[in-house]
Amino acid sequence: MTAQILDGKATAAAIKSDLTARVAALKERGVTPGLGTLLVGDDPGSRWYVNGKHRDCAQVGIASIQRELPGTASQEEIEAVVRELNENPECTGYIVQLPLPKGIDANRVLELMDPAKDADGLHPVSLGRLVLGIEGPLPCTPYGIVQLLRHHGVEIKGANVVVVGRGITIGRPMPLVLTRKSENATVTQCHTGTRDLSAHLRQADIVVAAAGVPHLIKPEDVKPGAAVLDVGVSRDEHGKIVGDVHPGVAEVAGWVAPNPGGVGPMTRAQLLVNVVEAAERAAADLSEG
Ligand SMILES: Nc1nc(=O)c2c([nH]1)NC[C@@H]1CN(c3ccc(C(=O)N[C@@H](CCC(=O)O)C(=O)O)cc3)C=[N+]21
């Protein structure tokens, strides 16, 4: 038996079709959601991702506001664009594409962003709200994973989830999302300091592999029937994506999120959700005066 596929492309398409209706409703109320992006430098990978985000926006009727600076831009020049996007009423949410060039204090740039326009859900205020249980934008990849599991009927409530990794975008916020009352999972966070990773993995009903270590998760570590989500993006010598999950895992697991085609498209869909929800909150504030 090989695992069933957690199809990120199809699930993202369903989310986008729901968003298309919500964007149309907002426009009738006189609010057009707009996603801003700030790209600094000309890394082809980063440019490809940013262009993809604007293509996604066009599909659902969200306006695009694109800002670019050369890789030589100073901290002050970058911060000036952030201030402009904070004040620009056409921009209801935005991202500063990461990583920023060496020598730039990325945390200072991110803290300067208006939290009401945080499309990534990674602003310090958004992460603080997540800890406190206050409504706000959720980190795109962790919440995208929750939506991907729900869409396929994989039970999260009461599940033993092992998260491998503690990076800021996925590993660190993932347990915060999964332990909300609305998800109610039991989560173990593993990392490079974990003594016996295999022992933890073998107990897991759901594995989120976000360590960035090629083929870290082996078939013999996976409980039969478990759901395994591969979030690792390493590259081989030909530039092809190599995930954190060994291909043999598909013979043991009940569900696998392929990579590419699994979590990546969900991350992009959740970015759009955050932009639309920010615009919906702004529209509600407007009508309340
Ligand atoms: N402020 C900020 N926010 C981000 O969300 C952010 C960022 N900076 N910097 C870079 C990373 C990377 N990232 C991806 C999102 C989707 C795919 C994606 O959709 N991948 C496809 C195709 C991958 C391929 O074939 O290359 C897939 O998984 O199927 C990949 C990578 C968002 N990032």
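Any Cβ shown, glycine's included, is placed from N, Cα and C.
So that you can see what the record holds, here are the features copied from TrEMBL:
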DOMAIN    6-120  domain 'Tetrahydrofolate dehydrogenase/cyclohydrolase catalytic'
DOMAIN    139-282  domain 'Tetrahydrofolate dehydrogenase/cyclohydrolase NAD(P)-binding'
BINDING   Gly165, Arg166, Gly167, Val233  NADP(+) binding site
The domain 'Tetrahydrofolate dehydrogenase/cyclohydrolase NAD(P)-binding' (139-282) [mean pLDDT, rounded to integer]: 97
Chain-internal residues, separated by at least six, CB under 8 A from Gly167 (NADP(+) binding site): Ala210, Gly212
Protein Cβ atoms within 10 Å of Arg166 (NADP(+) binding site), excluding its own: 18
Neighbour count (Cβ, 10 Å) for Val233 (NADP(+) binding site): 17
Where the C-beta lies under 6 angstroms from ligand 1, the matching binding-site residues among Gly165, Arg166, Gly167, Val233: none
Secondary structure composition of the domain 'Tetrahydrofolate dehydrogenase/cyclohydrolase catalytic' (6-120) [DSSP: H/G/I, E/B, coil]: 61 helix, 19 strand, 35 coil
Secondary structure tally of the domain 'Tetrahydrofolate dehydrogenase/cyclohydrolase NAD(P)-binding' (139-282) (DSSP, helix then strand then coil): 51 helix, 27 strand, 66 coil
